[in-house]
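As written in Swiss-Prot, here are the features:
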TOPO_DOM  27-686  topological domain 'Extracellular'
DOMAIN    35-133  domain 'Cadherin 1'
DISULFID  Cys96-Cys102  disulfide bond
CARBOHYD  Asn169  N-linked glycosylation site
CARBOHYD  Asn359  N-linked glycosylation site
CARBOHYD  Asn418  N-linked glycosylation site
CARBOHYD  Asn436  N-linked glycosylation site
DOMAIN    456-561  domain 'Cadherin 5'
CARBOHYD  Asn487  N-linked glycosylation site
CARBOHYD  Asn567  N-linked glycosylation site
DOMAIN    568-671  domain 'Cadherin 6'
TRANSMEM  687-711  transmembrane segment
Amino acid sequence: MEIRGALDLRKRQVLIFLVLLGLSRAGTESAHYSVAEETEIGSFVANLARDLGLGVEELSSREARVVSDDNKKYLHLDLLTGNLLLNEKLDRDELCGSTEPCVLHFQVVLENPLQFFRFELCVKDINDHSPTFLDKEILIKISEGTTVGATFLMESAQDLDVGSNSLQNYTISPNSHFYIKIPDSSDRKIYPELVLDRALDYEQEAELRLTLTAVDGGSPPKSGTTLVLIKVLDINDNAPEFPQSLYEVQVPEDRPLGSWIATISAKDLDAGNYGKISYTFFHASEDIRKTFEINPISGEVNLRSPLDFEVIQSYTINIQATDGGGLSGKCTLLVKVMDINDNPPEVTISSITKRIPENASETLVALFSILDQDSGDNGRMICSIQDNLPFFLKPTFKNFFTLVSEKALDRESQAEYNITITVTDLGTPRLKTEYNITVLLSDVNDNAPTFTQTSYTLFVRENNSPALHIGSVSATDRDSGTNAQVNYSLLPPQDRHLPLASLVSINADNGHLFALRSLDYEALQEFEFRVGATDRGSPALSSEALVRVLVLDANDNSPFVLYPLQNGSAPCTELVPRAAEPGYLVTKVVAVDGDSGQNAWLSYQLLKATEPGLFGVWAHNGEVRTARLLSERDAAKHRLVVLVKDNGEPPRSATATLHVLLVDGFSQPYLPLPEAAPAQAQADSLTVYLVVALASVSSLFLFSVLLFVAVRLCRRSRAASVGRCSVPEGPFPGHLVDVSGTGTLSQSYQYEVCLTGGSGTNEFKFLKPIIPNFQVHDTGRNMGEIENFRNSFGLNIQ
């Protein structure tokens, strides 16, 4: 079993290795951007949303981010605009040195689904460095016997810029004896050579001071200068010579400091001081001078600072041998740095998710990159995790991996996983790096809140105080943690005309319901709305319940007298013939109550009368009738005060004042008409109210009469008599309405309503009753009704 497990592991490693090779080849195609060095922080580089063909919202929702190969944050992606911005100033000379072009590699990572896009940022050079000489003074010794056209090597200037901004030319002044020549170089660098243009004469001028100027190709160009001191010597006809022009050595990068690298020696055929040779570096960069040193007498080159193959793979060192007479020779030492497996693989985590939902499959756990600074087999790597884990490694670009869950997990079986990422290189000896990740499984929100009832009925009495607690709703959630925390809310009402937001509110935490304002039963008897319970899971689950609020009526409205009108300006006078029989209907007090139920049950009673015992009021319908026969001794004018009282607790009441005029007889309606109609009809709200209320009461009264008549007809047959209203001859005003009706009285009577639209007198007049010619067999029934009327008032009329 162990051998088989080892073979499986070996197969997985080989497979990942092959995928890495394929991705390394496929990843060469990248999008290119460019930016000038030293550009300010926050400067615009490109719009990634447009280049990737994505919307800004999608870029933000998919958590786009920029990952550099060296894991440095040179760039910043603004998720609000999709713009790629500089996160820091870039110094091309520091980043790439003399390498051209200077390219920084990075990639854009998108999640849900996981995608990678490869990009390159080219840092363009600007002319921000002037040429500089390492030595402030260059000393050259030239024999006076030197022939015209002889050349002398000089130290070159250093310019950190590249391309056209780098060093381009040299000039020297004054140039009476010399000029500058720039020879062709295999490394394409510009080295100055001092050329003798006119023979020197030691006796005339033993020393010359010249200024060497180095000029770059920038716009505008920058320059640097150094002093060239020429000392004229006596004749020295042999220059030092090296056995070979090029020396090559290979040095492992772990060579200790102070170690010997090579020994370079030259020969000079001259004797004495002219045959003494000194060795120096020339045209040497700062890196060479920091890394190596040369013994000026022996020519031995030693290591001064550590070598690092991952930084510089080779050094080209120019060595000059100068004799005592000022003649010199040169050679080149090529030092090749040998790579050793001295760098273990590095694991850089770009993003990590330490908690994932238990029911999610193929969920991104970690995004990471691996890197080995070594080269060859020393830099090749194998990445793996433990077997028998429900996770797998998915390669993306070169040396980039994602750790993804393989299937939906079960938190109840195993709540956490410890994953070890192992990266091993193929060097000798093999080096490896391990990185541990602990993944926790979180519970999912799979239960919606449940109300204790599907519907609630709440009762609140009208005229309540604002912010009154009227009831509560409650819901529970079987989940745990935030998934079980319930928030309550009011849902939009189905009736769009219901101002729910101004009627009730709910406490989001405990479900308590409050009335926001005082409720009026007469305006709103009941209303329904829905409440929602939402948990705090993701995604949130919710449920709803129906709440019905019933407003209980309170006795807050007093009875309102519709007839007779109590405006005080035009008292209503009722005409009663002195020949009226007991029980004669004088008028009817009509009143309404805005309340409902027993609060709107009205009763009538005679409160005051000019002559008590002459008139009576029926308690249930407000009819005013004569209680006995009228006589000549009775006063002609009577004033009656009728009390209208509801059945509420406490009861409310109103009074109506009637004026009754006794007349000897009338055959035509006593109906005074207004002298002139108002010029303009003005709307009177009280008149409209009266018409509506009177029509409602009349309809109800008529229905009661019809029902009563139907019942009586079932018991016995009787002849129906119909009273008719006599209308005066001549033109009849259009604002008068003629109403005739038949009630349950023994007499048929007629009445007219005189309504005006203006502010004139509104009157309700009872006309002279029309006594029909009843048959003899109805006399007993009529007398029985009169007797009942007497008994209802407790009167004994002879």
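Backbone N, Cα and C define each Cβ position, glycine as well.
All features noted in Swiss-Prot, drawn onto the structure.
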{"residue": "Cys96", "record": "disulfide bond", "DSSP (3 states)": "helix"}
{"residue": "Cys102", "record": "disulfide bond", "DSSP (3 states)": "strand"}
{"residue": "Asn169", "record": "N-linked glycosylation site", "DSSP (3 states)": "strand"}
{"residue": "Asn359", "record": "N-linked glycosylation site", "DSSP (3 states)": "coil"}
{"residue": "Asn418", "record": "N-linked glycosylation site", "DSSP (3 states)": "strand"}
{"residue": "Asn436", "record": "N-linked glycosylation site", "DSSP (3 states)": "strand"}
{"residue": "Asn487", "record": "N-linked glycosylation site", "DSSP (3 states)": "strand"}
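Per DSSP, the domain 'Cadherin 5' (456-561) is made up of 8 helix, 48 strand, 50 coil.
Each of the glycosylation sites Asn418, Asn436, Asn487 was ranked by the number of other C-beta atoms within 10 Å, and first place falls to Asn487. Residue counts of the domain 'Cadherin 6' (568-671) by helix, strand and coil are 4 helix, 48 strand, 52 coil (DSSP-based).
Note: the Cα of Asn487 (N-linked glycosylation site) and the Cα of Cys96 (disulfide bond) are spaced 58 Å from each other. DSSP states for the domain 'Cadherin 1' (35-133), grouped as helix (H, G, I), strand (E, B) and coil, give 16 helix, 38 strand, 45 coil. Considering only the recorded positions Cys102, Asn169, Asn436, the residues lying within 10 A of Asn418 (N-linked glycosylation site) on a C-alpha to C-alpha basis are Asn436.
For Asn436 (N-linked glycosylation site), the nearest of the recorded positions Cys96, Cys102, Asn359 in terms of C-alpha separation is Asn359. Summed and averaged per residue, pLDDT over the domain 'Cadherin 1' (35-133) gives 87. Counting only residues at least six positions away in the same chain, the Cβ atoms of Ala408, Leu409, Val444 sit under 8 Å from the Cβ of Asn359 (N-linked glycosylation site). Cβ neighbour counts within 10 Å, taken over all protein chains shown, single out Cys102 as the most crowded of the disulfide-bonded residues Cys96, Cys102. A 10 Å cutoff on Cβ-Cβ distances gives Asn169 (N-linked glycosylation site) a total of 16 other Cβ atoms nearby, all chains included.
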